[in-house]
Amino acid sequence: MASMNFSPPEYPDYGTATLDPNIFVDESLNTPKLSVPDMIALVIFVMVFLVGVPGNFLVVWVTGFEVRRTINAIWFLNLAVADLLSCLALPILFSSIVQQGYWPFGNAACRILPSLILLNMYASILLLTTISADRFVLVFNPIWCQNYRGPQLAWAACSVAWAVALLLTVPSFIFRGVHTEYFPFWMTCGVDYSGVGVLVERGVAILRLLMGFLGPLVILSICYTFLLIRTWSRKATRSTKTLKVVVAVVVSFFVLWLPYQVTGMMMALFYKHSESFRRVSRLDSLCVAVAYINCCINPIIYVLAAQGFHSRFLKSLPARLRQVLAEESVGRDSKSITLSTVDTPAQKSQGV
């Protein structure tokens, strides 16, 4: 599923049998079984759905009340929306794997639902890059932030991130469709670049790798190297809460999406009928499932980062989320410059 390609299961060799769709097929010969990677993927999908839907809905609910006051809420609200959209598509993807890749949901669902995975990937990493840039400027240029950083700028940055994510998802939407075979009858959902050539397919895979993984990895590594050096050198404590949360979110993103990116690149480079391609494709659904863990892990990180979580979890989970997603002061030298998260000029010198 790095390209979300579902292949029909392996059936007995029918030799030179006709491809006439009206010919009788002995279905007793067709006894496909789920592979071990597919079964593991199904278990992961169930866990992600059960945790990701309520978890991200809770984050959306909590941050929805905070977006007018805090910029952090805007960042994490958009991240939660991206994750929630992907989680809501899980039942259909789950059903397709259970049916050995058979896709009965039509061409429109084939184009839209798997593309949500790529949209989530691009939106998440672009939003994380935006958040990281915000943290970088917040620490290294707090005066600029005090004057210009506000909800309107944050919403504009999120809008740009979503627009770019949609553009990067277009190739998946255009080249995706339902493929039908007649002996035996089988419908699969996947991408088909046969009309444009292998160079386009590899170009899309390289673009996905650069824009959805390597490029952001370089940018984020640079940002957080300087941020951590500054934090450690000045022994800041008040400004590290959100930094630690964002670092945890970023690290989990790259770890969980790495198998997806590797298999996607390998499937684009290997010849489609080679044994290497077949071996890698068997791990496809598992790699997507591992990447999907990213959709439910962020709310867990937010909650675990809240102070007093273990002792007060059952008392007020929304309060714990508000605590960890709140804005905080950023220390500079011996003075504490509190950065505004509201629009009104009078409040730009007040703590949040």
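Glycine too: its Cβ is placed from the backbone N, Cα and C atoms.
Relative to the membrane, Trp103 and Ile229 are recorded by Swiss-Prot on opposite sides. Within the set Cys110, Cys145, Cys287, the cysteine that Swiss-Prot bonds to Cys189 via a disulfide is Cys110.
Recorded stretches compared: 39-65, 112-133, 203-228, 245-267, 285-305; the one with the most Cβ pairs under 8 Å to the transmembrane segment (155-175) is 112-133. Below 8 A, the CB atoms of the transmembrane segment (112-133) and the transmembrane segment (285-305) form 3+ pairs separated by six or more positions in the chain.
Three or more CB pairs closer than 8 A are found between the transmembrane segment (203-228) and the transmembrane segment (245-267), so contact between the two stretches is assigned (pairs 6 or more residues apart).
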